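Residues or ranges marked as active site in TrEMBL: B:126. Annotation comment: TrEMBL describes B:75, B:76, B:77, B:111, B:112 as substrate binding site. According to TrEMBL, the domain 'Molybdopterin cofactor biosynthesis C (MoaC)' annotation covers B:15-148.
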């Protein structure tokens with residue numbers, strides 16, 4: 001029967017041994033969004049036009065969080081990230097975030113991409129929460145991954 | 001006009017000075033969920049009944065992440081957390097997470113509660129991603145906060 | 001004469017240059033125990049049977065600490081861990097912990113295994129200290145290592 | 001019946017709420033030792049007489065680790081340490097370490113003192129392991145604590 | 001005779017006990033600059049006018065580093081920062097950075113302000129090093145501090 | 001036209017993708033100094049002769065900070081350091097620091113060497129600031145780098 005790989009035969013947690021996996025170029029892209037009041041979006045957009053600082057702070061937070069992924073996710077392997085890009089776009093209902101992470105290693109970077117997206121979104125919440133406590137983070141998911149034994153995958 | 005408090009008059013980022021704010025007991029509760037295939041939920045539920053390990057790992061990850069909030073969210077104030085609880089429940093579409101954080105300090109703990117929820121959800125994704133890459137994190141939001149000058153708030 | 005390799009000719013500390021060492025698969029296993037009152041052991045064992053949470057928390061703490069080894073041990077090289085397993089067993093006098101760490105790198109993972117054992121034991125102390133302040137950590141040592149120029153070693 | 005305070009009624013882990021506990025001056029002292037071959041002890045002692053570097057590195061590692069305690073021990077509260085001292089002494093069988101931690105806060109600093117001792121000992125292991133893999137860490141325990149509702153305690 | 005307070009009577013390092021010091025509002029301001037080729041300055045200035053991103057990244061890095069000060073400086077006390085501001089200005093020879101840190105605590109925030117300045121400057125070096133490896137960081141110093149027993153001080 | 005590589009076409013920050021760069025042995029050396037009152041220098045030198053502790057603390061702080069570089073510098077790649085050496089020398093006006101970092105990776109270690117120098121200097125400031133608040137950090141710069149596509153470089 002199918003079993004979660006992070007649990008051993010007895011059901012206890014472990015960091016899966018990836019020694020035998022091939023070192024290959026791997027890439028993952030994730031997305032998510034934060035839904036907010038139109039007035040909040042206008043404030044962020046206003047700042048974005050003039051200075052870019054709200055989005056710049058969220059982008060940086062996402063990039064830096066990707067580097068902390070293995071510190072945050074208990075069974076995640078530490079790996080040498082070879083690149084991270086975080087893109088933010090103002091959309092009708094708030095802000096949309098996409099993050100792409102890359103490595104050349106034995107494990108994938110899905111968690112790094114998802115962590116970048118999530119922390120970027122939380123950072124927007126933090127910066128705007130004084131004016132809008134009701135913002136909601138929605139649709140955080142993997143969009144695509146490539147490299148590794150399991151091959152390419154697209155949502 | 002309304003301005004985002006994390007930006008100064010020139011629109012540049014800063015960690016807001018909270019020296020003058022009162023030290024009071026503060027509490028915040030946040031929630032979120034991860035939506036997954038029924039088969040994935042069954043695997044987690046199976047583990048939960050027997051050993052509790054998947055949910056135990058996610059719970060721990062959430063609690064520990066709450067303590068790292070100021071490291072992750074650029075303009076968030078470091079503060080002495082006085083308690084964190086993370087509750088996970090299997091629901092129809094996946095797993096639901098609620099987190100409550102408490103402090104006695106000059107700033108609130110909304111970000112700590114939201115970070116706990118988010119990292120707990122990401123941890124579930126990590127542990128189950130080998131069998132279900134299409135899981136989606138939804139509805140991460142603040143449920144309630146109390147304490148502080150702005151008073152109580154409920155979603 | 002023999003010299004400690006972490007000290008240079010003048011006796012000052014340095015992180016030894018391992019550039020010239022071969023990249024090989026390396027593994028290390030360490031153990032340790034925490035000795036406690038029978039009543040304390042019974043409390044942990046009771047929890048373990050019902051929920052596994054005390055041991056689950058200690059196991060996670062050990063795994064996560066292995067990833068922080070280079071942050072904690074000043075002259076230790078950062079390395080990409082390829083796997084960590086922490087096993088806990090209730091024994092007559094308390095709890096016994098074994099940890100195995102693996103990497104494919106130029107340096108060994110003895111410190112990662114020892115750090116995992118130690119932090120797992122400290123976590124048990126933390127969770128049970130309200131009922132038993134006299135617990136003692138004993139016998140933390142390397143059991144075996146393999147890989148690398150110095151070859152295999154067993155205690 | 002007695003219950004481990006880090007587990008709630010259902011046996012799941014939580015960071016205990018200490019909001020209601022009094023802010024008082026608290027202090028804890030812990031000890032431990034590392035047992036080694038006489039030749040290893042001689043090497044460290046030799047360095048200690050001339051330069052102090054091995055013991056200096058271990059002392060610093062212990063002090064810095066005390067500040068990371070809440071990052072390492074999952075359910076430990078972060079707190080503002082007001083002082084840490086780590087003393088090392090060459091003894092017949094190796095090196096003995098004592099650490100004292102202090103805070104003025106709602107929770108005790110036992111874990112900070114124990115973490116300082118343990119990481120200092122691990123650091124000695126790391127620096128001397130190339131000449132002596134069989135070193136063993138023994139007798140890590142709390143010696144005394146003062147402050148707080150539970151009052152003073154001595155081993 | 002005068003003695004460095006971070007060393008005890010025997011000359012060994014310790015984190016000074018500040019339990020007895022008064023909790024007061026404290027503030028410190030530091031400055032520093034990075035000297036570069038005119039062409040490098042022009043590139044940064046060009047970016048600054050259009051997007052603010054180089055300076056925004058350095059500003060964020062400085063603010064976040066202030067929160068990591070006690071992790072980096074071995075004998076520095078962890079403290080709850082109540083505010084950090086980092087200001088960057090293009091000047092004739094490169095970029096000038098000023099940082100102000102605030103806390104209400106028993107110890108000062110000089111190191112936090114200096115760490116913010118330094119990491120902001122290192123970040124500028126990192127972002128521009130591909131076009132100018134010869135940049136030099138100069139004049140990093142404390143400008144002023146207030147609060148605490150030793151009173152106010154101005155450079 | 002020349003562009004800063006850490007900014008994409010739109011001028012927003014990113015962690016540059018280095019997947020395609022060759023894995024080679026890389027080394028970088030940086031220097032810096034801290035200028036102080038003669039009396040302060042005498043205190044440090046006095047300690048250095050007797051115990052080495054001030055310089056030992058600064059050396060350790062520099063080595064450990066090199067390992068945290070990617071945590072501090074937002075767009076810096078995490079990499080497996082293969083060695084770090086930090087040398088401190090008392091000079092006429094204060095203390096001079098040199099640091100060399102090495103890796104076998106796709107990116108250089110200039111930032112690691114510069115971070116080691118800077119944090120070592122900040123640590124000296126911290127330890128001596130009670131007797132001399134006017135100390136100034138000067139001349140932090142890269143001395144040499146080797147390895148990688150851009151070849152060797154010397155200041």
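Positions of Cβ are set from backbone N, Cα and C atoms, glycine also.
TrEMBL: automatically predicted annotations, no manual curation.
Values in this document were obtained by computation on a predicted structure and should not be read as measured data.
The structure, with features from TrEMBL marked on it.
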residue	record	DSSP (3 states)
B:75	substrate binding site	coil
B:111	substrate binding site	helix
B:126	active site	helix
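In the shown protein chains, 22 other C-beta atoms lie within 10 A of the C-beta of residue B:77 (substrate binding site). Note: the domain 'Molybdopterin cofactor biosynthesis C (MoaC)' (B:15-148) comprises 51 helix, 47 strand, 36 coil (DSSP; helix = H, G, I, strand = E, B). Among the recorded positions B:75, B:77, B:112, B:126, the ones whose Cβ sits under 8 Å from a Cβ of chain A are, in sequence order, B:75, B:126.
Taking the recorded positions B:112, B:126 in turn, the residue surrounded by the fewest other Cβ atoms inside 10 Å of its Cβ turns out to be B:126. The maximum pairwise C-alpha distance among B:75, B:76, B:77, B:111, B:112, the residues recorded as binding substrate, is 13 Å. Comparing residue B:75 (substrate binding site) with residue B:126 (active site), their Cα atoms are 27 Å apart once rounded. Close to residue B:126 (active site), meaning Cα to Cα within 10 A, are none of the binding-site residues out of B:76, B:77, B:111, B:112.
There are 25 other Cβ atoms within 10 Å of the Cβ belonging to residue B:76 (substrate binding site). Each of the binding-site residues B:75, B:111 was scored by the other Cβ atoms within 10 Å of its Cβ; the lowest score goes to B:75. Listed recorded positions: B:75, B:77, B:111, B:112, B:126. Those with a CB under 8 Å from a CB in chain E, in sequence order: B:75, B:77. Chain C has no C-beta under 8 angstroms from the C-beta of any of the recorded positions B:76, B:111, B:112, B:126.
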